[in-house]
Structures are given as structure tokens and as C-alpha cells.
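As written in Swiss-Prot, here are the features:
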type	residues	note
ACT_SITE	His20	active site, proton acceptor
BINDING	Tyr15, Phe66, Asn68, Asn114	tRNA binding site
REGION	185-204	region 'Disordered'
SITE	Asn10	site 'Discriminates between blocked and unblocked aminoacyl-tRNA'
SITE	Asp93	site 'Stabilizes the basic form of H active site to accept a proton'
Amino acid sequence: MIKLFVGLGNPGAEYEATRHNAGFWWIDALSRELQAPLTLDKSYHGQVARTTLNGKTVWLLKPLTFMNVSGKSVAALARFFKIAPDEVLVAHDELDIVPGQVKLKFGGSHAGHNGLRDIHAQLGTDDYWRLRIGVGHPGVKAEVINWVLKKPSQEHRVAIEECIDRALKAVPALLAGEMEKATMLIHTSQPPRPKPPRRTEPED
């Protein structure tokens, strides 16, 4: 079962609405859903909520360390409360998924995501769960940093918010350790992928 839910992002009003903060948006939504308000806890370098569900303690964590050193916050809380890596779920922005889609994944590469990279290093393993929230790709690698640190269009923001709401429906399964069920709930609730525009033949 998942005992620690983490949302990645950067602290500060200037980053609040940027694509890189999609993980923050999700953990805020989960906090509201569980009625577990996040409060600052300097021991864990972030905002923390603790709640009890079905007799079991569940933690929510929003690192305030800046994205590139998120692992410091995650590892501090996980180690103190003896939460194993495979009991951790990290919600983060994902370039390789279009806005409006979300994927659940266990383990694997950080794929260049600096927040995940630091969590890998601090936990000493990549064996934790990720909730990959699609924010789309600018199409050019050189534009990636600028892309994630900008606000999405209104259309994309709405699509991201909708997928965040859908992913919340899998939380009971995640808490119960029913990971196959959670995966199915998340992956089968996706909207259809937009079709590319049809090519029209030039008239004679």
C-alpha cells in the first residue's frame, strides 16, 4: 500500500501556476479530498499532512526545497517513519505525456527529471511509484526548461486539472495496495488521444 504521497514542484508564487508544479497541484487536490490540511514542518523540509485511513497512517508531503533537491525532503520523512520506497508515490509533471493524460508507473529511469533524479539519489533506489501527469513537450529539447517553467494555456490547464481529478479516484486502491486496480482505474479513464489533422489534397 502507499503510505507516503509526494507532490513535486517549486515553492513561491512565481512558480505556482507553471507546468513544473503539476505535482503540487495534485497533492493539493489530494489534501482537499482527504480533508488533511498541509502544514509547514521544517524537520521534513516541506508541508506535511498526516491522516488515518482504515486504521492506517498516511502521509502527504509537498517538498519546499526546490525541485532539484526534492529527495532531501522525501528521504527525511520516509526514513524517520520507516516507509519503504515501494510505499512511496511521487506525483510529477511529465513531458512525454500530453496534457489531459496521466500514467502510473513503478521504478525505472528518472528520464532527466531533476526532482526524480534527486529522489533516486537520496533513497538509493528507483523502486518507488510515480504518478506521471502529462504537461506535453515543446517539441524542441532546447526549449524544455523554458516550457516547464511557464504557465500552460488555459485549455491545457483545464485538461491537466481534469486528469488530476480522475487520478484521485484511484486513491482508495492505492491505499489498499491494489496497484493493478489503481493502474487500470487511472489508465482506462483517459480521454481519447487527439487525432492529427487530416491532410487535404490540393485541388487541381
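From the backbone N, Cα and C atoms, a Cβ is placed for every residue, glycine too.
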So which of the recorded positions is most packed in, judged by how many other Cβ atoms lie within 10 Å of its Cβ, out of Asn10, Asn68, Asn114?
Asn10
Whole-number Å only: compute the distance from the Cα of Phe66 (tRNA binding site) to the Cα of Asn10 (site 'Discriminates between blocked and unblocked aminoacyl-tRNA').
5
Would you list, in sequence order, the recorded positions among Asn10, His20, Asp93 whose CA lies within 10 Å of the CA of Asn68 (tRNA binding site)?
Asn10
8 Å Cβ shell about Tyr15, Phe66, Asn68, Asn114 centroid, tRNA site members excluded:
Asn10, His20, Thr65, Met67, Val69, Ser70, Gly115
Reduced DSSP state (H/G/I helix, E/B strand, rest coil) at Asp93 (site 'Stabilizes the basic form of H active site to accept a proton') is strand
Could you say which of the recorded positions Tyr15, His20, Phe66, Asp93 has its Cβ with the most other Cβ atoms inside 10 Å?
Asp93
